[in-house]
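S.K.: Would you mind keeping the following structure in view while I ask a few things?
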Amino acid sequence: MVAGKKPEISASRDLSFLVMGDWGRKGFYNQSMVAAQMGRVGEELGTQFVISTGDNFYDSGLTSVDDSAFSSSFTNVYTAPSLQTTWYTVLGNHDYLGDALAQLSDELVRRDSRWFCRRSFQLNYTLCDMSNAGTCNATVDMFFFDTTPFIDEYWSPNETRTFDWRGLAPRPEQLQSQLDELAEGLSASTATWKIVIGHHTIRSIGHHGDSTELIQKLLPLLEKYDVDVYINGHDHNLQHIKREDCPIHFFTSGAGSKAYSGLNPYTDEQGVKFAHDGQGFLAVTMKAGFMSFTFFDVLGDIIYSYTLQK
């Protein structure tokens, strides 16, 4: 297997998965409640995998590959049968405050085979229309992207926190390399659906709000290559934003544990279709002709649904 890549997955049925971020608090701050409802919904939908949008372990990532927080915040919390599947994971800024390389290490896979974490990687899925003689003409490409190095604040001379930048090139080279790699993947993609997943917000009315650096550097690529959806965490809430001046749908799912940081006032121009200041998660179901997004709250109730069609 090439580093950072996963083999193509083919399907003869629908694709369903869960998305959740900002969670690793040893079961506290309702993390265990969210986990229980994820297990229930995952069973009902027959989900094939889980996506984590980063900030996997609070407050400062893992100390090493042997850190007990990996078990107390992950293995011992997400115990439902439906969650015993691959977790495709990106790093968040809190993960970089610890031993970031530990989360990228195969040692964690040996501790829990569900774990798959890389700075960036791609998934490819084929969707088959079983009502049309099993025709498999629809595809989805998912691009996982490491947003943390893009945020200026973390590199500021006045920054008092220590980020684990080991393994990265000098920042200008690192950012350009990541953008070039994503552009290459997006330009080569002929998928019906293109989804990009990162930790930080691009558009948000949450506590952190928009990420100016990603608006300047990442968003133009997403627009140029006709990305349908950008999914992120970072803000500890659930949101769906679709602005009139941008073709991309922005979904925030960063409510895996501690939440209630507040929402900022917004105007019609900001395109807020839904925002929930509380814990919960996102379920995505894809068929050959459409993609459905459903937000569940901490009690497992459906609080919002939206469907994209092609």
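Glycine is treated like the rest: Cβ placed from N, Cα and C.
Straight from TrEMBL, here's the annotation block:
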DOMAIN    16-237  domain 'Calcineurin-like phosphoesterase'
BINDING   ASP22, ASP55, TYR58, HIS236  Fe cation 1 binding site
BINDING   ASP55, ASN93, HIS199, HIS234  Fe cation 2 binding site
S.K.: Do you know offhand how many angstrom separate ASN93 (Fe cation 2 binding site) and ASP55 (Fe cation 1 binding site) by C-alpha?
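M.R.: That separation, Cα to Cα, works out to 6 Å.
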S.K.: What binding-site residues in the list ASP22, ASP55, TYR58 lie within 10 angstroms of HIS234 (Fe cation 2 binding site), counting C-alpha atoms?
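M.R.: Among ASP22, ASP55, TYR58, the ones whose Cα sits within 10 Å of that of HIS234 (Fe cation 2 binding site) are ASP22, ASP55.
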S.K.: Quick one: mean pLDDT on the domain 'Calcineurin-like phosphoesterase' (16-237)?
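M.R.: Summarising the domain 'Calcineurin-like phosphoesterase' (16-237) by its mean pLDDT gives 97.
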S.K.: Cβ within 8 Å of the Fe cation 2 site centroid (ASP55, ASN93, HIS199, HIS234 excluded): which residues?
M.R.: GLY21, ASP22, THR53, GLY54, LEU91, GLY92, HIS94, ASP95, THR147, THR148, HIS200, GLY233, GLY254
S.K.: Counting only residues 6+ away in sequence within the same chain, which have a CB under 8 Å from the CB of TYR58 (Fe cation 1 binding site)?
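M.R.: When sequence neighbours closer than 6 are ignored, TYR58 (Fe cation 1 binding site) has GLY24, ARG25, SER73, HIS94, SER257, LYS258 within Cβ distance under 8 Å.
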S.K.: Rounded to the nearest Å, what's the C-alpha distance separating HIS199 (Fe cation 2 binding site) and ASP55 (Fe cation 1 binding site)? Just drop the number here, would you?
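M.R.: ASP55 (Fe cation 1 binding site) has its Cα 8 Å from the Cα of HIS199 (Fe cation 2 binding site).
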S.K.: Quick check: with ASP22, ASP55, TYR58, HIS236 left out, which same-chain residues have Cβ atoms within 8 Å of the centroid of the Fe cation 1 site Cβ atoms?
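M.R.: Close Cβ neighbours, site residues excluded: GLY21, TRP23, GLY24, ARG25, GLY92, HIS94, GLY233, HIS234, GLY254, GLY256, SER257, LYS258.
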S.K.: Output, ordered by sequence, the same-chain residues six or more apart from ASP55 (Fe cation 1 binding site) with a CB under 8 Å from its CB, or 'none'.
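M.R.: Correct list: GLY21, ASP22, TRP23, GLY24, GLY92, ASN93, HIS94, ASP95, HIS199, GLY233, HIS234, GLY254.
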S.K.: Measure the Cβ-based neighbour count of HIS199 (Fe cation 2 binding site), defined as the other Cβ atoms within 10 Å of its Cβ.
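M.R.: Taking all protein chains shown, HIS199 (Fe cation 2 binding site) has 29 Cβ neighbours within 10 Å.
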S.K.: So for ASN93 (Fe cation 2 binding site), how many other CB atoms are inside 10 Å of its CB?
M.R.: 21
S.K.: Quick one: give me the count of other CB atoms within 10 A of the CB of ASP22 (Fe cation 1 binding site).
M.R.: 30
